[in-house]
Ligand SMILES: Nc1ncnc2c1ncn2[C@@H]1O[C@H](COP(=O)(O)OP(=O)(O)O)[C@@H](O)[C@H]1O
Ligand SMILES: N[C@@H](CCOP(=O)(O)O)C(=O)O
């Protein structure tokens, strides 16, 4: 019986910034976008997830657009695909759904178009599209990523084996990243820039030395974005206060929000999730673990 190529692409969600690491720090978490892909005579996207079914189903789908654009950059015309898409990543809540879709599109172009891209090439392609490497880097590499993007160059390092977990407090309301970026200032004084970047530097140092108390303090000392975004997220302060009183070592806006992440040492997350859920029944509260692997692609054979 002949076999047809079929691929599975699995991409983790991510949380960006962790407070002051604005546009440069990201962390992959264990919620996944999964695609089952096979070659076809036309583009077709479908999903058992009603939220994803509201997106275009043909080649105008965001993931198809990314895949076609990527293949074109390498001089290839991509064969259309039939794609079954499932996702645990809520859209427009600050958990990097768009970045995971960008990585999925690049992985699709790579595997179906036989581009043989390196991870570094995928990182640069995805950062050029997203404009910052934090979410795409985390979705691609897994773990905690720290990156710098300038003039079509990205430098990034990824760290795993960090012993914390998170309670994600996710509201029903969406907040588009472009709207949440719209409230940020265009410039900072030298004094403000030093305050903001020093908090980010100490955050990295404290995380890598597992000094959670200091990490939590730095998350809340952010000057780049959280002070400006706070007014868009009315429950932020109450969640922050409750989480700190109930065992979290720090809280931060997840990406551009509106999700708030509460960081807790490994083993204490489940209790914190239960407590927050009871106190904020209108929110979805999820326990998140770090994904250490990043995106993965495997070939699955399908019988004709
Ligand atoms: N799996 C997906 N397939 C197609 N488009 C997606 C997918 N995931 C996200 N998107 C697009 O990205 C938008 C959300 O991006 P954004 O505002 O950056 O929020 P976030 O990345 O924090 O979830 C969605 O409204 C949708 O247009
Ligand atoms: N650094 C970006 C991150 C946006 O993340 P998202 O998950 O909200 O798309 C920002 O803070 O704008």
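Each residue, glycine too, has its Cβ placed from N, Cα and C.
What TrEMBL annotates here:
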- 90, 91, 92, 93, 94, 95, 96, 97, 98, 99, 100: ATP binding site (BINDING)
- 63-143: domain 'GHMP kinase N-terminal' (DOMAIN)
- 205-281: domain 'GHMP kinase C-terminal' (DOMAIN)
Query raised in the report: Once near-sequence residues are set aside, which residues in the chain of residue 90 (ATP binding site), 6 or more away, have Cβ atoms under 8 Å from its Cβ?
Result: 51, 97, 170, 259, 284
Query raised in the report: Using DSSP, what's the helix, strand and coil tally for the domain 'GHMP kinase N-terminal' (63-143)?
Result: 48 helix, 7 strand, 26 coil
Query raised in the report: Do you know the mean pLDDT across the domain 'GHMP kinase C-terminal' (205-281)?
Result: 97
Report summary line: Around the Cβ of residue 92 (ATP binding site), other Cβ atoms within 10 Å, all chains included, total 20
Report summary line: Per DSSP, the domain 'GHMP kinase C-terminal' (205-281) contains 40 helix, 10 strand, 27 coil
Requested in this report: Mind running the binding-site residues 90, 92, 94, 100 against ligand 2 and keeping the ones whose CB falls under 6 Å of it?
Outcome: 94
**Report entry** binding-site residues near ligand 1 among 90, 92, 94 (Cβ under 6 Å)
**Finding:** 92, 94
Requested in this report: Count the other Cβ atoms sitting within 10 Å of the Cβ of residue 98 (ATP binding site), across every protein chain shown.
Outcome: 20
Report summary line: Residues lining the ATP site besides 90, 91, 92, 93, 94, 95, 96, 97, 98, 99, 100 (CB within 8 A of their CB center) are 13, 89, 255
Report task. Could you tally the C-beta atoms, other than its own, that fall within 10 angstroms of the C-beta of residue 96 (ATP binding site)? Result -> 33
Report summary line: Cβ-Cβ distance under 8 Å, sequence separation of 6 or more, same chain as residue 94 (ATP binding site); the residues meeting this, in order, are 15, 16, 175, 177, 180, 253, 254, 255, 256, 257, 258, 259
Report task. State the count of C-beta atoms found within 10 angstroms of the C-beta of residue 100 (ATP binding site), not counting that atom itself. Result -> 29
